[in-house]
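Taking it in order: structure first as structure tokens, then the write-up.
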There are 2 protein chains.
Amino acid sequence: MAHEHKDSEMNDVETRTFFAPDSQSQRHNVPYKVGIPPKQDLLKEFKTTVKETFFSDDPLRLFKHQTKSKQLMLGLQAIFPILDWGRSYNLRNFRGDLIAGLTIASLCIPQDIGYSKLAFLPPQYGLYSSFVPPLIYAFMGSSRDIAIGPVAVVSLLLGTLLQNEFDPVSDANEYRRLAFTATFFAGITQATLGVFRLGFLIDFLSHAAVVGFMGGAAITIALQQLKGFLGIKHFTKKTDIVSVMKSVFGSIEHGWNWQTIVIGASFLAFLLSAKYLGKKNKKLFWVPAIAPLISVILSTLFVYIAHADKEGVAIVKHIEKGINPPSVNEIYFSGENLLKGFRIGIVAGMIALTEAVAIGRTFAAMKDYQVDGNKEMIALGTMNVVGSMTSCYVATGSFSRSAVNYMAGCQTAVSNIVMSLVVFLVLKFLTPLFEYTPNAILSSIIISAVIGLIDYEAAILIWKIDKFDFVACMGAFLGVVFASVEIGLLIAVAISFAKILLQVTRPRTAILGRIPMTSVYRNIQQYPEATKVPGVLIVRVDSAIYFSNSNYIKERILRWLTEEEDQLKATYQRVQFLIIEMSPVTDIDTSGIHAFEELYRSLVKRDVQLVLANPGRLVLDKLYSSGFPDLIGENKIFLTVADAVLTCSPKIVQEV
Amino acid sequence: MAHEHKDSEMNDVETRTFFAPDSQSQRHNVPYKVGIPPKQDLLKEFKTTVKETFFSDDPLRLFKHQTKSKQLMLGLQAIFPILDWGRSYNLRNFRGDLIAGLTIASLCIPQDIGYSKLAFLPPQYGLYSSFVPPLIYAFMGSSRDIAIGPVAVVSLLLGTLLQNEFDPVSDANEYRRLAFTATFFAGITQATLGVFRLGFLIDFLSHAAVVGFMGGAAITIALQQLKGFLGIKHFTKKTDIVSVMKSVFGSIEHGWNWQTIVIGASFLAFLLSAKYLGKKNKKLFWVPAIAPLISVILSTLFVYIAHADKEGVAIVKHIEKGINPPSVNEIYFSGENLLKGFRIGIVAGMIALTEAVAIGRTFAAMKDYQVDGNKEMIALGTMNVVGSMTSCYVATGSFSRSAVNYMAGCQTAVSNIVMSLVVFLVLKFLTPLFEYTPNAILSSIIISAVIGLIDYEAAILIWKIDKFDFVACMGAFLGVVFASVEIGLLIAVAISFAKILLQVTRPRTAILGRIPMTSVYRNIQQYPEATKVPGVLIVRVDSAIYFSNSNYIKERILRWLTEEEDQLKATYQRVQFLIIEMSPVTDIDTSGIHAFEELYRSLVKRDVQLVLANPGRLVLDKLYSSGFPDLIGENKIFLTVADAVLTCSPKIVQEV
């Protein structure tokens with residue numbers, strides 16, 4: 001059988017080398033020549049690298065061979081996609097957008113009021129941030145399903161970062177001004193990343209890390225709500241679970257307010273069951289969507305009628321009436337507060353970006369349209385910069401509201417316009433109605449909203465798929481819950497980087513064997529039936545060979561060799577050929593070539609011949625310019641492992 | 001021909017699937033099953049990863065199945081290799097070591113005096129550092145050719161870093177104490193890296209970066225020597241070329257001292273010609289080795305006789321007599337100076353380590369013996385810690401002296417012992433002789449020594465091989481020359497990291513075609529003769545798929561598809577199968593799998609079938625635990641691209 005196989009393989013070689021089939025005489029054929037690529041033009045090479053790095057999406061593709069006017073039009077459309085899809089906008093689309101817009105509006109109003117509390121800002125600022133930013137996004141954004149506005153996690157993050165600098169109560173003024181400054185620079189950061197096409201930077205926060213971070217943030221937020229939910233007056237400023245629990249149970253006797261708890265609990269039950277209903281029956285998605293508004297209305301009425309506020313039920317009291325006042329002059333453009341705002345802005349901006357882009361991608365994949373990451377960042381950035389000048393704080397895409405938006409059948413970003421118009425009306429006329437809204441309700445709404453962010457299924461899947469990812473996930477989660485949001489974030493990023501560095505420092509290597517009755521060579525660990533070729537050791541290196549791993553690879557290969565020789569000692573055989581399968585070696589640098597030269601020297605000392613199989617274009621390129629092939633002999637480089645083995649094994653046969 | 005080939009390929013498939021050869025009936029054979037690896041045991045997986053990362057050299061290999069006493073002996077040998085090679089040490093070895101030792105001693109004495117000036121320390125400290133550290137290294141080190149002592153680059157680095165904190169003249173005392181503190185922590189750093197087996201960290205300074213850094217340092221050092229060489233009194237403290245040139249030409253009229261220049265120049269000429277002679281004729285390696293000592297003796301005599309010091313020729317004046325005084329109580333173990341020393345120590349320690357390990361590896365490769373990186377670090381660390389307590393500053397392996405040591409035929413580290421004994425005698429009895437040694441000579445000696453560090457040939461080779469490496473090299477070089485040593489170092493590290501990140505963010509992808517008359521599929525850019533299979537697009541992804549590149553890869557593949565379809569439009573054909581060659585994909589994480597799922601969805605929308613070829617063990621493992629194969633269908637995963645094409649193409653044939 002094995003012999004028959006050899007023949008069939010010889011056939012391959014013959015056809016390759018244009019000889020008449022004759023398996024005996026062909027053993028010393030030269031196999032198919034390995035392609036030596038034409039010398040790369042440096043400038044060209046450099047340009048392609050830059051292009052792939054920053055313009056991988058080839059943004060100017062459309063502009064090629066177009067008239068000037070057309071190009072101008074396309075340019076405008078690139079900045080304002082609404083000019084593109086707006087022209088094909090019809091009534092049917094509007095119907096969908098209207099319904100969706102109204103739904104998310106009803107959801108966002110109570111959320112906004114709650115979230116602004118998370119950011120330690122007066123309630124109206126949440127509403128402000130749901131009025132201006134969505135409008136701007138609608139014109140510039142490329143996602144059709146994202147719902148813009150303040151979100152829980154960013155509000156929390158902003159709040160924690162800001163109160164490290166100013167006390168939100170005693171120096172409320174500086175606090176608010178710093179908030180706008182941070183928002184301004186968050187926007188600048190986002191836009192800059194987009195303009196300089198550094199969008200890929202946010203990819204460095206891995207999916208696993210984000211899952212963990214979000215989950216942790218959700219729990220932290222929920223814990224923060226215990227203040228409003230239990231009606232506790234004196235609550236810790238810290239966000240870690242330990243100090244929160246302390247201040248919760250420390251205030252049992254005198255701190256809690258049973259009326260508050262009753263209201264909060266009953267409505268939380270209502271909200272959760274509504275959520276459950278919506279989950280069970282997709283048709284009823286609107287139930288959880290409007291439940292918050294309903295509960296706000298009911299509870300407000302109840303408190304108003306029953307004068308529950310006299311019983312110590314904390315209420316919103318006052319929401320400023322009227323639309324966003326300008327806040328340009330409030331932004332710190334100088335002094336150390338500028339730096340503070342800058343620092344906070346970068347962090348908040350990046351996180352907001354991660355969330356928005358994640359949402360954009362998810363829904364784009366569902367409906368199969370492309371969201372241009374960099375364009376998206378410019379849109380989000382602009383919207384936050386303008387927002388910071390109109391009394392808004394950092395806004396971005398909200399997971400919960402975007403999902404509702406999608407299920408409510410939104411067609412375009414118009415749903416955001418509808419929403420912001422509703423918010424406008426509320427700001428203009430209805431804010432006084434919220435005076436008697438109990439904080440407990442807002443807490444319940446936030447709790448029921450953030451629960452959705454705890455994606456334990458994803459965590460389980462991550463555990464199943466990749467243990468290292470799970471560590472990153474848990475690290476972020478625990479970091480947020482037990483330390484603080486920043487710490488959690490730091491851990492997440494650190495672990496993500498550690499993973500990359502580990503990959504490039506300790507690449508995998510594998511011993512290959514021939515799959516029975518084929519000319520295919522595979523990892524003998526994966527295919528136990530694969531058999532080694534006597535006298536030949538075939539090693540596959542599973543990574544680009546760079547300074548960071550060249551020494552390791554060299555030593556690992558020599559170790560494979562030593563181990564093999566130790567095994568062979570008994571059989572009085574020895575390894576005569578070391579074949580390195582280079583297919584996965586995508587690139588090599590000078591350190592790598594040095595390592596190869598050292599490897600070659602050690603092999604010569606051991607009287608083992610070095611053979612390379614299928615080096616890629618780049619690698620071959622560099623090997624030749626370093627003169628390595630002349631060192632080992634050009635006839636030592638083959639197209640496939642099979643070829644290499646064919647030319648080695650006969651020599652062995654002769655010796656034995 | 002093509003048909004005959006198809007047959008031969010079918011043969012492969014048949015034999016794989018145990019059918020009688022019949023090329024027509026076999027088209028729909030199930031090809032060779034892709035190996036599904038046994039579920040990985042988590043603990044085992046984790047252990048192997050840790051082992052490969054930290055114990056890749058399997059340090060305890062020897063200790064397995066040994067008696068307790070033997071293990072103790074081996075343990076001692078592991079810490080003190082001298083116990084191992086010492087037992088087989090004989091007179092012939094000693095002869096080699098004696099000659100080598102004397103030669104490097106004659107070279108090191110003048111160098112030490114000069115280098116200590118680079119570190120702004122009194123001359124005797126250079127000699128101290130050539131006495132204690134080499135002794136300790138000889139017992140603990142595993143390299144046979146390295147010559148230990150103070151070296152130019154580290155002395156310069158230490159000097160620049162220290163004088164940022166204290167002025168070496170006005171607060172000489174604090175300066176010296178900080179130097180010892182830094183040395184102490186340099187040693188601690190080195191030993192720690194060794195103990196925790198983090199040796200691979202120094203690999204992150206790429207070969208290219210080191211070449212550039214060394215070259216830049218050499219030039220900076222040479223420029224510093226102009227002070228002594230031209231006999232300038234007032235010289236800048238800065239090291240960048242601009243300010244040095246300013247203070248050189250600013251002092252032409254009154255600053256320069258012609259007698260000094262004459263002496264310096266003449267002896268520099270002598271030294272360089274000696275160097276040249278040694279290069280030309282390897283037998284005369286000893287000429288450049290002893291030339292420095294000779295020139296010191298001659299010039300000293302000359303100055304003494306001619307009273308040239310009266311003519312303004314600066315001389316060494318006084319070198320403390322006697323061996324190293326203890327300096328434990330001088331090390332700062334508290335206060336902010338501790339921190340300063342710690343910071344400086346880490347940097348100096350790492351650089352010293354890089355140099356020593358590079359030397360160790362080079363000569364080990366020449367004589368084909370293994371240097372254990374981590375063991376080496378422990379040895380170097382201990383030697384510097386002890387050194388810091390005996391008035392030595394950071395010592396490491398010297399390029400120039402090690403080369404001489406090697407050529408003088410050293411056999412073991414005993415040559416270091418010989419050298420340090422000579423230094424001992426000098427310290428004990430001969431220091432007064434150096435009183436009249438002119439600084440100009442020391443400058444000439446240093447200049448002729450550091451010139452060897454400018455490895456322009458290596459730079460040229462780097463340019464030839466890898467342009468990106470060249471950028472790193474030049475960045476480090478220019479950084480050192482025009483800014484400062486730290487800046488240069490920073491640039492080098494930064495560029496090295498950027499390269500790694502670029503690799504993991506923007507991996508390469510390639511379109512594959514079939515090499516004529518084979519079943520081999522290769523990059524059509526590398527093999528222009530390779531032909532695409534109609535209706536099938538074969539893409540190879542050249543990297544592990546991680547969060548950092550998953551989105552890019554997904555979008556890139558879709559772009560390949562779009563481009564292909566645009567081309568096909570004319571021919572009324574369309575792509576029906578997208579085969580992804582996974583051989584180079586060494587690993588995938590949750591983000592990667594998400595990207596694949598999104599890719600699959602987009603493909604479904606375009607009515608293109610997704611097929612995977614040869615996913616590796618890890619990847620397959622994770623694909624299965626994520627249930628991806630069920631999504632695309634298990635029969636969509638093949639062992640080779642050839643198999644995949646075979647099962648796709650007939651379907652196409654039917655449709656057409």
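Glycine too: its Cβ is placed from the backbone N, Cα and C atoms.
Features as listed in TrEMBL:
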type: TRANSMEM; residues: A:146-163; note: transmembrane segment
type: TRANSMEM; residues: A:175-196; note: transmembrane segment
type: TRANSMEM; residues: A:208-226; note: transmembrane segment
type: TRANSMEM; residues: A:256-277; note: transmembrane segment
type: TRANSMEM; residues: A:284-306; note: transmembrane segment
type: TRANSMEM; residues: A:342-366; note: transmembrane segment
type: TRANSMEM; residues: A:378-400; note: transmembrane segment
type: TRANSMEM; residues: A:406-427; note: transmembrane segment
type: TRANSMEM; residues: A:439-463; note: transmembrane segment
type: TRANSMEM; residues: A:475-498; note: transmembrane segment
type: DOMAIN; residues: A:526-648; note: domain 'STAS'
Per the 3+ Cβ pairs under 8 Å rule, pairs at least 6 apart in sequence, do the transmembrane segment (A:146-163) and the transmembrane segment (A:256-277) touch?
no
So if I exclude everything within five residues of the ends of the transmembrane segment (A:475-498), which remaining residues of that chain have a CB under 8 angstroms from its CBs? That is, six or more out.
156-157, 160-161, 204-206, 209-210, 212-213, 215-217, 219-220, 238-242, 347, 351, 459
Are there 3 or more C-beta pairs under 8 Å linking the transmembrane segment (A:284-306) with the transmembrane segment (A:256-277), counting only pairs at least 6 apart in sequence?
yes
Does the structure show the transmembrane segment (A:175-196) and the transmembrane segment (A:284-306) touching, where I'm treating 3 or more Cβ pairs under 8 angstroms (sequence separation 6 or more) as a contact?
no
To the transmembrane segment (A:439-463), which of A:208-226, A:284-306, A:342-366, A:378-400 is linked by the most Cβ pairs under 8 Å?
A:208-226
Same chain only, please: residues at least 6 beyond the ends of the transmembrane segment (A:342-366) with a C-beta under 8 Å from a C-beta of the stretch. Say none if there are none.
142-146, 151, 153-154, 157-158, 161-162, 165, 178, 181-190, 193, 199, 202, 205, 210, 373, 376-377, 380-381, 384, 394-399, 402, 406, 486, 489
Could you tell me what the rest of the chain brings near the transmembrane segment (A:406-427), counting residues at least six beyond its ends with Cβ under 8 Å?
82, 85, 89, 92-94, 96-106, 108-109, 112, 124, 127-128, 130-132, 134-135, 137-139, 141, 143-149, 282, 285-286, 289, 321-324, 363, 366
Non-local residues, at least 6 beyond the ends, that sit with Cβ under 8 Å of the transmembrane segment (A:284-306):
103-104, 106-107, 109-111, 263, 267, 270-271, 274-275, 277-278, 313, 315, 404, 407-408, 433-434, 436-438, 440-442, 444-445, 448-449
